[in-house]
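Everything below concerns the one structure shown next.
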Amino acid sequence: SFIGEESVAAGEGSILTDNPTWIIDPIDGTTNFVHRFPFVAVSIGFVVNKKIEFGVVYSCIEDKMYTARKGKGAFCNGQKLQVSGQEDITKSLLVTELGSNRDPETIKIILSNMERLLSIPIHG
């Protein structure tokens, strides 16, 4: 099976089944792309039985290829990635994205989540 982000965004229905499925977003960061903000990627995932098996993200502007395979780790341009090991959230930097859905109920949920995050004494 095949699920394309652009067709789903255009309103076409899509159901994830247990079948092997490619999930592709050819312009991940469409809003960034439209506004010439340089964080755009091509994202491809492969799912079997509704579980991700591997993914590839190519950050076009940075010329970085991120890959990950279930049980095998994640890599950037072939170099293994790992988490920082920081366990104290007050010494952490949190990054979030608000999304593009402007439905009032969705906005209320997003702002509530943001309020909880901003209440944590984090670095930024």
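In case you wondered, yes, glycine gets a Cβ from its N, Cα and C as well.
TrEMBL has this to say about the protein:
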| type | residues | note |
| --- | --- | --- |
| BINDING | GLU5, ASP25, ILE27, ASP28 | Mg(2+) binding site |
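In this structure, GLU5 is the one among the binding-site residues GLU5, ASP25, ASP28 with the smallest number of other Cβ atoms inside 10 Å of its Cβ.
For ILE27 (Mg(2+) binding site), the count of additional Cβ atoms within 10 Å of its Cβ stands at 16 [all protein chains shown].
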